[in-house]
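To keep things clear, I will list the structure first and then write my remarks on it.
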Amino acid sequence: MVLVRVVANLLILQLSYAQKVSELVVGGDECNINEHRSLVAIFNSTGFFCSGILLNQEWVLTASHCDSTNFQMKIGVHSKKTLNQDEQTRNPKEKIFCPNKKNDDALDKDLMLVRLDSPVSDSEHIAPLSLPSSPPSVGSVCRIMGWGSITPIQKTNPDVPHCANINLLDDAVCRAAYPELPAEYRTLCAGVPEGGIDTCNGDSGGPLICNGQFQGIVFYGAHPCGQAPKPGLYTKVIDYNTWIESVIAGNTAATCPP
């Protein structure tokens with residue numbers, strides 16, 4: 001689930017091993033139209049390439065490797081072909097990255113806060129998702145969702161988002177699966193031991209929701225997607241709560257944890 005596929009050109013230059021930058025949910029089913037009200041679809045000139053999460057009426061959180069020139073965000077989307085009446089489109093007014101992010105490491109502190117050019121309104125298909133209030137426990141049931149590829153090798157992007165349940169695993173499982181990643185990365189490890197269910201190309205920036213709380217952002221994984229014993233890695237949102245809250249409050253110079 002090497003999430004680094006979303007920004008393929010950029011990441012290929014920096015991370016020859018990163019293959020899952022923008023992955024889709026493999027092994028899932030079509031999401032209920034009302035279960036992804038905070039899910040944001042991100043498009044550029046080539047089409048859909050990443051997801052994000054609506055935190056409030058003005059801010060979206062996604063992966064920093066989802067940054068692209070002239071992208072747009074669509075909120076309230078289910079089918080990419082059929083417009084919802086309450087669907088809203090916004091452009092980025094401001095993009096904020098961790099100021100202490102390592103410039104030579106595209107995967108370090110892989111978060112991007114995007115301020116919308118105008119606020120969105122809550123509606124039948126639009127509602128923000130709060131930051132987590134407590135960290136998740138190993139064994140927690142977690143929900144993944146996105147418009148990413150639904151096939152593990154050949155990229156097959158669906159018209160509607162797919163959802164699936166996976167479990168939060170011990171960090172040691174992912175450390176063993178991905179020894180190339182620095183130990184200081186603040187991540188969560190999630191998947192199913194037998195494989196077959198995973199985020200995949202195009203799912204980057206989307207959420208990992210554990211027991212109803214927004215705990216992770218799709219970050220990194222194996223290619224092909226869904227292979228055992230290589231679960232997905234997700235940026236650990238709660239470790240960045242203070243930074244996110246500070247930026248939203250107006251302190252755009254706030255520093256992320258090391």
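Glycine is no exception: its Cβ is also placed from the backbone N, Cα and C atoms.
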Mind checking which of Cys174, Cys210 has the disulfide with Cys189 in Swiss-Prot?
Cys174
Sequence gap of 6 or more, C-beta under 8 Å: which same-chain residues meet both conditions with respect to Cys189 (disulfide bond)?
Leu168, Leu169, Asp170, Asp171, Val173, Cys174, Pro231, Gly232, Leu233, Tyr234
Expressed to the nearest Å, what is the distance separating Asn44 (N-linked glycosylation site) and Asp110 (active site, charge relay system) at their Cα atoms?
19
Shortest C-alpha distance to Cys163 (disulfide bond) - which of the active-site residues His65, Asp110, Ser204:
Ser204
Work through the recorded positions one by one (Cys31, Ser204, Cys210, Cys225) and name whichever has its CA nearest to the CA of Cys66 (disulfide bond).
Ser204
Just the number: how many Å between the Cα atoms of Ser204 (active site, charge relay system) and Asp110 (active site, charge relay system)?
10
